[in-house]
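The domain 'EamA' annotation in TrEMBL covers 35-170, 180-313. Residues or ranges marked as transmembrane segment by TrEMBL: 37-58, 70-87, 99-119, 131-148, 155-172, 178-194, 214-234, 240-261, 273-293, 299-320.
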């Protein structure tokens, strides 16, 4: 064999040997991406359909629904931890003061979020509740400025400015600040910020378990109080209502698990696009199923919000593309050197 042919033959042999793997690699990536998208659609789809669940739970009020949601979530999570043998992870989270303190704060924020959202849906204000999750990305951007001292890009500032205009239009339309929407957006934005401080140290099930443990004493006391006052519906509306309330644990945990599975497989840009699926479903349900009124000025306000989100999405996609190009160039430079 000539000396010059040896490397070429070696490369050919290597390519032949690596052929199946080279084919399997992209296929494996495609499968992971597809699974991530399906999990994401499942998570946000279930969150988007929550108003239907609250609707069939009537005459239970927001406080009773949330109290049951906390208690049965804790029991369901305990079952999951037992099945997956993850008690050591839970014990580690409880022993770590920083982690426990952060999750306790997260629990308070999500309690405010759940109560506000359930109240909005059960009192005929599901449209405004959906608005809260539409403007949540804008609130998250502002939290980045004021809490993390991040510098916004021009398009982000534009989106935030348009968002303020939208809130002004909707305030005029409602005759008051849309407090349900603002409370939902702020509480969920802060919840996400607090959970990021924990990071990957705590998995989704352990996190929800700790948060439920923090809230469980208050939730249980609330259930006892409602029962003593004769206003609890858990055992007074028939077996169907009883089992529907018990199912709140599963209904709370499953979307969270789907979201965790999706987040591990997809880039943040894709997650950012999928998140709009939930408020879109909520908005459609409010109009089509619950027959809530939408005046012209409210349509204008929502339209301005959607323009702000479009600007924010364009900025997100542009930034992701620039980052991807920069990474490819960096890898190419490393290979050439």
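The backbone N, Cα and C atoms fix where each Cβ goes, glycine too.
Confidence across the domain 'EamA' (35-170), taken as the mean pLDDT and rounded to a whole number, stands at 93. Residues of the same chain lying 6 or more positions beyond the ends of the transmembrane segment (299-320) and with a Cβ under 8 Å from any Cβ of it are 131, 134-135, 137-138, 141, 153, 155-156, 158-160, 162-163, 165-166, 169-170, 173, 267-269, 272-273, 276, 283.
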